[in-house]
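Trainee: Below is a structure I'd like to ask you about.
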Ligand SMILES: [Zn+2]
């Protein structure tokens, strides 16, 4: 099993090869928008910028490309048709914004690649655009992407219905791959995997789970159960973990490595903890960009093939990861 089985999947295999076996994903999106002064205290979160400040979205994509990202993740994590409807937008407007999230990333990638491709010995690869598909919990914006508790009236069909239209639009808009993110339970993983088949999606995809205990999916279901469902689905190109603290990652890679032959994706958060009462981030006890640099090579060595950052990581985190991974490649090449 691997990337080579489907026609569209060759693109991801090519990127991994060009990147020396391990590609770099970008980092936290909302974090960087906020650094530039965007106010995203809203249920739509970074999707709000699609309406208010698309130029800023392009700037953040550009910063991650400069930092060495091989994969750009679009600003659609919390962009959903029901979410836009609840803000008073029409279906058509919501659909246009979803397509726009892909187009902004594609345009930025193309412009960046035009700028660097002729520079001799530049270390960049032509990046792929991964359309972000946040979990149902991310749309609810009630923290359930970290508990996996969707309630008794949510079933497989409802989760597929929730994801279907957005997935269709993101594929049609020209994404290179689909990134299902912070999936908290087995049921939603199954819904996403079945939807890829029902919709006959030809581009590659990854499905990433969050983890709050470092051992299981947030729902408490084991990764063995979760991955059993995905292993049989060859439209799921890669699997992994996002938005878990970095100190969980090495052991989770080792665990997942035994449970699947699919490539493994990891993009942890910075390890900072959100203090809901004080409404601020508590500093990470042990993780700065220097640690990411150190750990990225360990994560690669134990089996991860796509490595990046999630919440609270920045272009400097991604630069550290990219330089660490590429440095070792160069030594191997000698
Ligand atoms: Zn995150």
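The backbone N, Cα and C atoms fix where each Cβ goes, glycine too.
In TrEMBL, annotation is done automatically, which means it is predicted and not curated.
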Trainee: Where TrEMBL shows 310, 311 binding Zn(2+), which of 226, 243 is named for the same site?
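Mentor: Within the candidate list, TrEMBL flags 243.
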Trainee: Which whole number is the mean pLDDT over the domain 'Hcy-binding' (11-325)?
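Mentor: Averaged over the domain 'Hcy-binding' (11-325), the predicted model reaches a pLDDT of 93.
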Trainee: For a quick check of understanding: among the binding-site residues 243, 310, 311, which residue's Cβ has the most other Cβ atoms within 10 Å?
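Mentor: In terms of Cβ crowding, the pick is 310.
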Trainee: Please list, in sequence order, every residue of the chain apart from 243, 310, 311 whose Cβ lies within 8 Å of the Cβ centroid of the Zn(2+) site.
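Mentor: Filtered neighbour residues, in order: 28, 182, 210, 242, 244, 267, 268, 269, 270, 309, 312, 313.
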